[in-house]
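K.L.:
Please read through the structure below; I'll follow up with questions.
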Amino acid sequence: MLHQQEPIIALATPAGKSAIAVIRLSGQNVISIVNQVFKGKDLNQQPSHTIHFGTINYQGEMIDEVLIALFKAPRSFTQEDSVEISCHGSSYIIQKIMQLFMELGIRLAKPGEFTQRAFLNGRFDLIQAEAVADLIAADTAIAHKTALQQMRGGFSTQLQALREKLIHVGALLELELDFAEEDVAFADRAMLESLIQELLTIIGKLIQSFSLGNVIKNGLPIAIVGKPNVGKSTLLNALLQEERAIVSPIPGTTRDFIEAEINIGGIHCRFIDTAGLREHTTDTIESIGIARTKERMQQAGLIIYVFDLSDESLATIQNAIEGISELGIPYIKVGNKLDAAQPDLLKALSQEDFVFISTAKKQHLGQLEARILELFQLDQLDNSDTIVVNTRHYESLVKSQNALLAVVEGIINGLSNELLMIDLKQTLYYLGEITGEITTEDLLDDLFSKFCIGK
């Protein structure tokens, strides 16, 4: 049921001087309140989705010429009566207009309160509400496409289908309980297990997609590591196409890390050029840099390990690869200085999964970028794929997967329907958390507080 809440106001456009600013109002009687200070047409008599020119006046003094956009309930973003005032973007004018309406009883909106009201009034579910924030924050084509797909209900539809199938399974189990005395079997155990395994496959794919979704939403931190003087800084400069890092033939020049962002295939890749790794150094500052490199490796989403094809031995390279593989972090092996490579070493490494480049001559850098996209399956991204980008969704999916696995285990062990229903209802609960069908006031307050004011 729709309900009009107390009227709220917020600046919907960024603060600061601009040609135009938009002030947003929503809630009970906002159209009548705006009409009190608007000189133009009687707004109370105008239809929804219309725009009207006039002036905002206070105590006989004009504050500004404005355009008023009317949105009457339920045909608005919040599904309440809403008004958007387009005025000149002077900070004085904005402050004066907002102060005027606050004196008339309209309070300042909390962060995300407009979207929260839209959710509470049933305009969309919690997934779609969160997608609004993701859409505003999107600064790459992939992030925009993913947020738009979720805002339009793609993920919600998939979860709803899952819930309906689970409810069907639950209904079969409940029927058997109702007819327990007649010993009627409505749910063949093998059929039930097969159906649940099908649902587990769908949930599993959604969980797996989070590693990609996290990269799409938050970017990919990439640590460039290797021994001193293998060309790490030259690689960073080549990728950036500018001289950002100091390049020197003297080993150990990079004492600290240098960060730079590059957009590769629509993904924000944050490259970190680290101090060269070597076991023995008498330089205290270099030792600190090496320690920081190891910290950065642990924090990275991807490691690019650079080897010098002109100088290093096969045994040294193999030992380094063995060490880095133990970290459990995705990595790409890069052989640099291809133009001066040792023939025997190049031949031996050609049998392995290496990317061979020459940073000095800027050769094959595109192959490295392609490998990054391939590693995270960004080269195979389908517009219809549902990708989990939100940590909250991921955690609830993992919990629902565990609960559903408990149902399968119960079926195998011959547990009663009453016990199976406990885990099945728990699965439905966790899926309901994602869409907002199951939620708490604290969760909503925390979630919407992360939105910008005015949205």
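Each Cβ is built from the backbone N, Cα and C atoms, and glycine gets one as well.
Computed from a predicted structure; not experimentally measured.
Got these off Swiss-Prot a minute ago, pasting:
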type: BINDING; residues: ARG24, GLU84, ARG123, LYS455; note: (6S)-5-formyl-5,6,7,8-tetrahydrofolate binding site
type: BINDING; residues: ASN229, SER248, ILE250, THR253; note: K(+) binding site
type: BINDING; residues: 229-234, 248-254, 273-276; note: GTP binding site
type: BINDING; residues: SER233, THR254; note: Mg(2+) binding site
type: DOMAIN; residues: 219-377; note: domain 'TrmE-type G'
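Please situate the listed features within the shown structure.
P.N.:
All protein chains included, GLU84 ((6S)-5-formyl-5,6,7,8-tetrahydrofolate binding site) registers 19 other Cβ atoms within 10 Å of its own Cβ.
DSSP gives ASN229 (K(+) binding site) a coil state; it is part of no helix or strand.
Averaged over the domain 'TrmE-type G' (219-377), the predicted model reaches a pLDDT of 79.
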K.L.:
If you measure LYS232 (GTP binding site) to ARG123 ((6S)-5-formyl-5,6,7,8-tetrahydrofolate binding site) at Cα, how many Å is it?
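P.N.:
The separation of the Cα atoms works out to 51 Å.
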K.L.:
When the number of other CB atoms within 10 A of each residue's CB is tallied over all shown chains, which of the binding-site residues ARG24, ARG123, LYS232, LYS455 has the maximum?
P.N.:
LYS232
K.L.:
Spatially, and counting Cα to Cα, which of the binding-site residues is closest to ASN229 (K(+) binding site)? Options: ARG24, GLU84, ARG123, LYS455.
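P.N.:
Going through ARG24, GLU84, ARG123, LYS455 one by one, the closest to ASN229 (K(+) binding site) is LYS455.
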K.L.:
Express the distance between the Cα positions of LYS455 ((6S)-5-formyl-5,6,7,8-tetrahydrofolate binding site) and SER233 (Mg(2+) binding site) as a whole number of Å.
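P.N.:
With the alpha carbons as reference points, the distance is 42 Å.
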K.L.:
From the Cα of SER233 (Mg(2+) binding site) across to the Cα of ARG123 ((6S)-5-formyl-5,6,7,8-tetrahydrofolate binding site), what is the distance in angstrom?
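P.N.:
Per the Cα atoms, ARG123 ((6S)-5-formyl-5,6,7,8-tetrahydrofolate binding site) and SER233 (Mg(2+) binding site) stand 51 Å apart.
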